[in-house]
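Worksheet for the structure shown next.
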Amino acid sequence: MSNNKDIVTKPPSIHEGQLGLVDDYEVSNFYGNSVTKSYRLKSELIANHMTEIGMGKFQWHLFVVSGFGYVVDNFWSQGITAVRPVVANEFLDISHLSFSSVAYYTGLILGAAFWGTTADLIGRKPAFNATIFLGGVFACAVAGSQNFVAFCALWAIIGTCAGGNVPVDSIIFLEFIPRERQWLLTSLSAWWNLGQVIVSLVAWVFLANFACDSSEAPCPLKSNMGWRYTMITLGVVAIILAIIRVFIFKMPESPRYLLSRGRDSEAVEVVNYVARYNGKPETLTLDMLIAIDESIPVSCSKSKEATPSPAHSIPGRLSYKEVIIDSFRDFSSHSYRKLFAGRKMAQHSSVTFLIWLTIGIAYPLYFAFITSYLETKATYSANDSLSYTYKVYCIVSVVGVFGPIAAGFLVETRLGRRWMMALSSVLTGVFLFAYTVIGTQSADIGFQCATAILGNFAPRRELTMVSDQNMQ
């Protein structure tokens, strides 16, 4: 290879079982010194083998169980939205009902930081399996709340659990699917909207029939059991989905995480496990990864930021205690500074944070209060029953499912991810502005449906763009 630019070649053939050149100057220039050359080349080699294995039974099963995380994530985001209006009719210690949403989103912030860091320290698998189960347990617990303070505290814990659902599930899904199918991450978000449909249906059944009206407030517990039935139902479903993940699918650890910890032999075994699952040849060998290490000059491999030395001679697996000790040994704040290692990486990280900040502000302001909007909208004065409110909520939720599905196809058109994200974001804003001035019932529902489609379109594009870049 020349001094100025690395050679880019086609991936090694899984049938030949040979190591091809996987270096890429553009990828190297993007990441700068945020990752070692050894890790980057090994990661690219594993990605090539995943592409050669193709989209098989393992990937489709993963599509389903990863979708569980999206479903449960929206259980909580929409669950608190659904039950909040009727909770206000029961508890007497409520100063500001919106404090419950503040508690939940505070938990989300803490959870995203905790599970994101934990996924890098002890692996993706623990977060993948634990977040759904813990959320389900505390959802059942919140049904026993006897006052608003306990209600908010438990929702903060649920938010902490939910903070790791979608991010961890998305990264795991991308790591195991071939490059040409990574657009499926966009369609995976349809599961998120399915979660909203389930919440709206459950709420329609229980809240419309087992909840007291605001005119009866404050009402006794026995007259307002609907929101408790709703939370117990959602919690039990979440626990069942967690059991399916842990005991039926049996998710392997992320090969890229194993590489980052120097556990090359385990990473090879994971890739070959996927090949066996799909009935394909097992062609990735430990010798291929060793060859990468041997091809890198000592000056490049021995740096302050070097990946832990590969355990080439250790065929066994580390215990969880050993994994935790080994992971925290290398943890420092410098890990976060890697996000800004190099001009391109810094620009990408800064723009990504800014976009997600604006989405984080705008998205909850509409979707987290949609039932409140439905209940107070002037056009519903003739149909102010809870049954009608949740029926419309259900209609909007069902229509929203088509947003991510359509986006999955549209991002592969000539417009691409950037233009589709920009266009859908602008249109979402237009419909939200228009929603404030409409005056008929049919227009109200129509604008909400349009917003549901577009509003669930733009954030998924950003997630896909970020994940695609990170998986290069």
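All residue numbers here begin at 1 and follow the chain in the order shown.
Glycine too: its Cβ is placed from the backbone N, Cα and C atoms.
Heads up, TrEMBL stuff is auto-annotated, nobody curated it.
Feature list (source: TrEMBL):
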type     : residues : note
TRANSMEM : 58-76    : transmembrane segment
DOMAIN   : 62-472   : domain 'Major facilitator superfamily (MFS) profile'
TRANSMEM : 96-115   : transmembrane segment
TRANSMEM : 127-148  : transmembrane segment
TRANSMEM : 154-177  : transmembrane segment
TRANSMEM : 189-207  : transmembrane segment
TRANSMEM : 227-248  : transmembrane segment
TRANSMEM : 351-370  : transmembrane segment
TRANSMEM : 390-411  : transmembrane segment
TRANSMEM : 418-438  : transmembrane segment
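Contact between the transmembrane segment (390-411) and the transmembrane segment (189-207) is supported: at least 3 Cβ pairs lie under 8 Å, counting only residues 6 or more apart in sequence. Sequence-distant contacts of the transmembrane segment (96-115) (same chain, six or more residues past either end, CB-CB distance under 8 Å): 76-77, 80, 84, 87-88, 127, 131, 148, 151-153, 155-164, 167-168, 364, 368-369. Using a Cβ-Cβ cut-off under 8 Å and counting only residues 6 or more beyond its ends in the same chain, the transmembrane segment (227-248) has close neighbours at 65, 68, 71-72, 75-76, 79, 82-83, 86-87, 128-129, 132-133, 135-144, 198-199, 202-203, 206-207, 210-211.
Between the transmembrane segment (154-177) and the listed ranges 58-76, 189-207, 418-438, the one holding the most Cβ pairs under 8 Å is 58-76. Over the domain 'Major facilitator superfamily (MFS) profile' (62-472), the average per-residue pLDDT in this prediction is 79.
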